[in-house]
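Beneath this line is the structure, given in structure tokens, with notes to follow.
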Ligand SMILES: *Cc1c(COP(=O)(O)O)cnc(C)c1O
């Protein structure tokens, strides 16, 4: 179907932060399958553990106990505040599960007839109907109306906007069951959450028994330099969702919760493929490699290096760029509004310099390389980006 506007590039091979096309041309990959290939391409640990798992057992369904799933749940809960997990196959599905959890929580724990979920206007939560309804950006709704009911929107990092919406609804109803928000907005343009804004949200939620749910589909699993994005903000939500980086390029999503393990009862929610032995083995390998290779420290260091380089480029090409945003290995270059140049123009030009980049909206260039990227590769990335900007300006 005509779902995607694809680049005319056939990628056939990868190793670490590099991919090759059919003709044998080599590209530096700062997209990483859209922030998914955490350990890079053809990672040795993944090849070893997944080959072994393929020979052992791939899929049995959740009719049975799955030791690999229990092991992954154990790993995730012992490395976060969460106490239990539900597994699915993607980010949208993880958020879908969170939305259903919030509604059932509203009904059974708070006696709300029509539970409302508050989301940000600039958010992105996925493409299934409920997840896209939770997404505040109208461009994702166009043509798919009517949207799913029960979502209301505030502006990100805007204390007044959040307070007005929250207080208004608490006074006159319908009642709020949950707030769903990204600690850093990815697709929305690499908007980094402000601590004071998130403290306000946390306080309001706690005061009113409203669930605080973080969409960590893009920020989770080390991308920001801490295992979870919420650590960067110094607050803990009640619920968080994961997908993108979790399986290192393999399809797996998860919903993690603190005290809410009894909200879903048998039969309430399910997934045929969710948490199968293969996908769980992939995520376990990613988690253990992050720890074994001390990647969090490296991600922080590489993040600082990348940030410095991007600031220099934004100053050098101040006619194109307005600012830089992001932490760790989720960074963005923000384009000036008045310029005719779009982030897609830069992505296309970077392709000629054999550098893969992805935009986050028309005005932000996104840089989300594999978490294993080296100092030398960051320098190479910056120098290729410099060359392509020189041509464009
Ligand atoms: C990518 C993304 C999603 C959707 O994930 P899919 O796996 O494409 O369904 C949801 N939320 C955030 C924050 C994302 O970045």
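Quick reminder: no glycine exception, Cβ is built from N, Cα and C everywhere.
TrEMBL: automatically predicted annotations, no manual curation.
Per TrEMBL, the features are:
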- 91, 92, 124, 215, 216, 217, 218, 272: pyridoxal 5'-phosphate binding site (BINDING)
- 127, 271: N(2)-acetyl-L-ornithine binding site (BINDING)
- 244: N6-(pyridoxal phosphate)lysine (MOD_RES)
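Feature annotations (TrEMBL) mapped to structure.
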residue : record                               : CB count, 10 Å
91      : pyridoxal 5'-phosphate binding site  : 28
92      : pyridoxal 5'-phosphate binding site  : 24
124     : pyridoxal 5'-phosphate binding site  : 27
127     : N(2)-acetyl-L-ornithine binding site : 14
216     : pyridoxal 5'-phosphate binding site  : 31
217     : pyridoxal 5'-phosphate binding site  : 29
218     : pyridoxal 5'-phosphate binding site  : 29
244     : N6-(pyridoxal phosphate)lysine       : 28
271     : N(2)-acetyl-L-ornithine binding site : 18
272     : pyridoxal 5'-phosphate binding site  : 11
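Taking a Cβ distance under 6 Å to any atom of ligand 1 as the criterion, the binding-site residues 216, 271, 272 reduce to none.
Spacing of residue 91 (pyridoxal 5'-phosphate binding site) relative to residue 244 (N6-(pyridoxal phosphate)lysine) is 7 Å (Cα to Cα, whole number). Within 10 Å (C-alpha to C-alpha) of residue 216 (pyridoxal 5'-phosphate binding site) lie the following recorded positions from 127, 244, 271: 244. Counting only same-chain residues six or more apart in sequence, the Cβ atoms lying under 8 angstroms from the Cβ of residue 215 (pyridoxal 5'-phosphate binding site) belong to 91, 95, 98, 123, 125, 180, 181, 182, 240, 241. Look at residue 215 (pyridoxal 5'-phosphate binding site): DSSP puts it in a strand. Checked against residue 217 (pyridoxal 5'-phosphate binding site) by C-alpha proximity, the recorded positions 127, 244, 271 yield 244 as the nearest.
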